Amino acid sequence: MIFSTLEHILTHISFSMVSIVITLHLITLLVNKIVGLYNSFEKGMIITFFCITGLLVTRWIYWKHFPLSDLYESLIFLSWSFYIIHMILYFKKQKNSLSAITAPSAIFTQGFATSGLLTEMHQSAILVPALQSQWLMMHVSMMVLGYASLLCGSLLSIALLIVTFQKEIIRIFYKKKYLLNESFLFGEIQYMNQKDNMFQSASLLSIRNYYRSQLIEQLDHWSYRVISLGFIFLTIGILSGAVWANEAWGSYWNWDPKETWAFITWTIFAIYLHIRTNKNSRSANSAIVAFMGFLIIWICYFGVNLLGIGLHSYGSFTLTLN
């Protein structure tokens, strides 16, 4: 009874903190100069992280199994993993550009899990025989950590694509504007004024391009590192799942929908790493593959559960609308 009450308290506190943190995050995105507000946002993220950690530990103690037996628990663990990545980047002093990617991932995942849409799954139950194994912690935790890392890395790659194509659009627009202005120059004074304006615009554009190139390099660097980490987690998760499947079902691989999409996900990010390690390839090429991987991860993690079929059907759910 005590653990059940504590679990409900932590759930409500974490959801309340998420609501506050979302507000603070939106304000900090609109107004970058409020340093105190940004610090409050990060403190809110840390408090929410500890609430989720307490929630997971409480469920672990109360239900006497690692809290990864259904979709609700895996969403909480996924959110917890996002918070871990956010904290690592925060303490690495990568505060502004990268936290704008990792923070919403953690906030909205937890917000969805604790919003009441999955009310029927909040109460855990006795594990099905297939899940009553020591492999539960190893396999599922590695898979969810892999999903979290790959999703964050893919979002960084998507941000890279947006910044890269925005740069190309601005460059084309600037060239057209320059040609248009050049065709309507009349007189020496008008020419000199236009020349000065052109040099000022060129200097501003060069500064802007410098910072944009720095941002692209930073996004490419961290997306590669985070996706590489996620790929390792995913590989360990798939291998441990194969061993567990052999013990539970007598076969290492059954081409279950979840297994199939996990293999597709692994293949996509293997292609990403292959392209990324090629020095002659542009960063945008690997980012496009990461964007494809981002969509496939959600199909693998979330979409397959909507079907409710296959050997992993215990992870299916029904949305409860109040």
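The backbone N, Cα and C atoms fix where each Cβ goes, glycine too.
Heads up, TrEMBL stuff is auto-annotated, nobody curated it.
Features reported for this protein in TrEMBL:
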type	residues	note
TRANSMEM	12-32	transmembrane segment
TRANSMEM	44-62	transmembrane segment
DOMAIN	68-312	domain 'Cytochrome c assembly protein'
TRANSMEM	74-91	transmembrane segment
TRANSMEM	98-118	transmembrane segment
TRANSMEM	138-165	transmembrane segment
TRANSMEM	222-245	transmembrane segment
TRANSMEM	260-275	transmembrane segment
TRANSMEM	287-311	transmembrane segment
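Here the transmembrane segment (138-165) has Cβ contacts under 8 Å with residues 66, 68, 74, 77-78, 81-82, 84-85, 97-98, 101-102, 105, 212, 215-216, 219-220, 222-227, 229-238, 240-241, 244, 262, 265, 269, 283-284, 286-288, 290-291, 293-294, 297, 300-301 of the same chain, all six or more residues outside its ends.
If one looks beyond the transmembrane segment (44-62) by at least 6 residues along the same chain, the residues whose Cβ comes under 8 Å of a Cβ in the stretch are 3-4, 6-7, 10-11, 13-14, 17-18, 20-21, 24, 73, 76-77, 79-80, 83-84, 86-87, 90, 103, 106, 110, 124.
Beyond the transmembrane segment (287-311), the same-chain residues lying 6 or more positions past its ends with a Cβ under 8 Å from any Cβ of the stretch are 71, 78, 130, 147, 150-151, 153-155, 157-158, 160-161, 164, 220, 223, 227, 245, 249, 254, 256-259, 261-262, 264-265, 268-269, 271-272, 275, 317.
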